[in-house]
């Protein structure tokens, strides 16, 4: 054996590290519990898990029913043994990342064949890893299509029939739209066929040109196979969706935003947002410098671009969404072919036409492509990666793992969309709508306990309820903090506890004190009042009226605002009668709701803002204005004037805040800031919401900027849960990095291990077939003992090892 570092070996190693990083980054990020944007991952995860754990036909709760009742993704059957190895979102992301990033290998081999340069071909192939159009999350059948498409094109170019058949069928099997791309392959093959050669020879003869075409040796086979298999797969897709949905869903319904049977609808949609649709296709091709325009491979992008044009569903042409997978593999292939077209020229030697390559043209463009890719990736993804590295998972988020520890794959659980992927580590049957599940996971900082459920356990801020459960909780590690914004002098809020002893900490937090501007200039202007300032506006009431709401005329900048208001009898805060506030995105006016009756006289309206970025523009004038409109009937408007002159008042001295709290369980007349309080809950019907009442003294509310009350509730027997792999998420990477390095430095083979290659190549499909038979026998209860996830995983591991052996030998000789 002889050790030799080839360019291909380097590409495989770098691709492996990139797949490892992508899987680590997005998997560990799931534990940060901001997961609503990957809801589609739950759909696939549940579909696969229900098949291997619960004897269900790829059933999911998101959106519900069998996956095949909506989409014809036959690839799911083939993913079952590999998914069984580690049946959760980590395993699913691993599968997807391997498939979508492995095209670096065929892209390198294709570029090396076209351009004849190892180094620059390697650079071009590695640029694919940082191609900003690629979307590693969520898991999607559309996304994994991209990897199979590149391999299908590569084996077509290499005239490897078996490789092409497998890759092409895998490509078609991912989702029901793909047969249209299969037909595009058929058209491309025709263009590069003997038919095209005859046409070009005729053109060359007439016009004395030297046009040439690359001809596939077995183009008739590839053309017929691509056409027939695409038509057959299209037929199977339509029939299988109809079968799985019992005739309630048609494959045509998946063409969102268009009715492909209505010419009028198609024409209307083509006119809809046409420029955005064209810009979308250009954005995907831009990092590769639009090189695909120089080669007929551009035809492979036409099915999706055409579908975009006839649709009104803007997600199809929104950059950054996984539908780009229908374009990015062909943009990458097009770059290789385009470079070949640009850098090649025909030279006659002994009356023979020889194609030569001008390497300087290709080298400069490849370097430019890599630089563009690097800058684009850094701007779109790199900054986000650096700022959100999930090196450590917050201990509060880790508690969810302990809370769900009693669950198993037969459990059904209600939880939030953000928690679903983590909860599915224990139970696939999860959902965030309705509460008819056996279990209910509640974040103690929001919501209220469900009726008919008893506390099963608690960890951190998470409480697991079980329907009809009335025994002692398995464990009580309740420990959470709640924040309450203060918008009234009188404040009340609920604190969730259940049987046990607790320690409570109550304290006040604010951003400082507000400055109140009293403005009364004799001029017309619009004044800006920052987030820490406000204005007092006097107005007169000439009859007794009930104030139901007040309109204000002001201008926000942008962002999310809370605009606060109050009505007082004079300029002192002690005379404030009532408060009202409204939270909304930036607007030009606002309505404050009141329910007070005012007698004739002079009153003062207070207004100020909080939130981000805060600050409002208020028109200020002396004399007649429409600064404030007060409506007591819903129809009659009264206009009031600014008539008084005031001065700016700034508060810097500390103001005391008084607290009081009362409930059936907690009795305290004075709760001080930063004090600990002990109490014991004797309420034995599961849970109890403690009502805590709070009263600020009359001057505190407007003096404090963004005031909030913070309460921490901790069970006296709370035991903190720490997962060593989540405390430092880099630890799980160590064995994979070491293993990758070992494989990288294993010497290549001197001998041609054709026998081992042939054996592994034969065993892979045989084991897949045996797995299918065993799964079917177990699934159909013919031999129930065969329906076991460990048996499925054993097949998955065996098939994976044989695939690695086959590919290692195959590419070590390439």
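Glycine residues also receive a Cβ, built from the backbone N, Cα and C atoms like all the rest.
TrEMBL labels come from automatic prediction, so no person has curated them.
With a cut-off of 8 Å between Cβ atoms, the residues of this chain six or more beyond the transmembrane segment (7-26) that come close are 90, 93-94, 97-98, 101-102, 104-105, 108-109, 112, 118-119, 121-122, 125-126, 129, 136-137, 385, 389-390, 729, 732-733, 736-737, 740, 743-744, 748, 811, 814. As annotated by TrEMBL, transmembrane segment applies to 7-26 (among others).
Sequence-distant contacts of the transmembrane segment (64-83) (same chain, six or more residues past either end, CB-CB distance under 8 Å): 43-44, 47-48, 51-52, 56-58, 91-92, 95, 141, 144, 170, 173-176, 236-238, 240-241, 244-246, 248-249, 251, 254, 768, 771-772, 775, 792-793, 795-796, 799-800. Sequence annotations record features per position, and here TrEMBL assigns transmembrane segment to 64-83 (among others).
Residues 7-8, 11-12, 14-15, 18-19, 22-23, 26-27, 41, 44-45, 48, 79, 82-83, 121-122, 124-126, 128-129, 134, 136-137, 139-140, 143-144, 146-148, 150-151, 153-154, 325, 329, 332-333, 336, 811, 814 of the same chain lie 6 or more positions beyond the ends of the transmembrane segment (90-109) yet place their CB under 8 Å from a CB of it. Among the features that TrEMBL reports, transmembrane segment is placed at 90-109 (among others).
The transmembrane segment annotation in TrEMBL covers 129-156 (among others).
What TrEMBL lists as transmembrane segment is 168-191 (among others).
Among the features that TrEMBL reports, transmembrane segment is placed at 219-236 (among others).
Under the heading transmembrane segment, TrEMBL lists 280-305 (among others).
Long-range Cβ contacts of the transmembrane segment (325-342) within its own chain (Cβ-Cβ under 8 Å, at least 6 residues beyond either end) map to 100, 103, 107, 110-111, 114-115, 124, 128, 131, 133-135, 140, 142-143, 145-147, 149-150, 153, 177, 181, 281, 284-285, 287-295, 297-298, 300-301, 303-305, 357, 361-362, 365-366, 369. Annotation comment: TrEMBL describes 325-342 (among others) as transmembrane segment.
Beyond the ends of the transmembrane segment (362-379), by six or more residues, the same chain brings 115, 117, 120, 123-124, 126-127, 130-132, 286-289, 291, 335, 339-340, 342-343 to within a C-beta distance below 8 angstroms of the stretch. Look at TrEMBL and you will find 362-379 (among others) tagged as transmembrane segment.
Per TrEMBL, transmembrane segment is recorded for 730-749 (among others).
TrEMBL lists 761-783 (among others) with the feature transmembrane segment.
As annotated by TrEMBL, transmembrane segment applies to 789-811 (among others).
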Item to check | Spatial neighbours of the transmembrane segment (789-811) far in sequence, C-beta under 8 Å, 6+ residues away | outcome: 8, 12, 52-53, 80-85, 87, 105, 749, 753, 756-757, 760-761, 763-764, 767-768, 770-771, 774-775, 778
Item to check | Beyond the flanks of the transmembrane segment (129-156) by 6 or more, those residues with Cβ under 8 Å of it | outcome: 14-15, 18, 22, 26, 37-41, 44-45, 71, 73, 75-76, 89, 92-93, 95-97, 99-104, 106-107, 109-110, 163-164, 167-168, 170-171, 174-175, 177-178, 181, 185, 189, 216, 222, 283-284, 287, 297, 300, 319-333, 373-374, 376-377, 380-381
Checklist entry - Are there residues at least 6 beyond the ends of the transmembrane segment (280-305) whose Cβ is under 8 Å from a Cβ of it, and what are they? => result 131-133, 149, 153, 177, 180-181, 183-185, 187-188, 191-192, 317-319, 323-324, 326-328, 330-335, 337-342, 365, 368-369, 372-373, 376
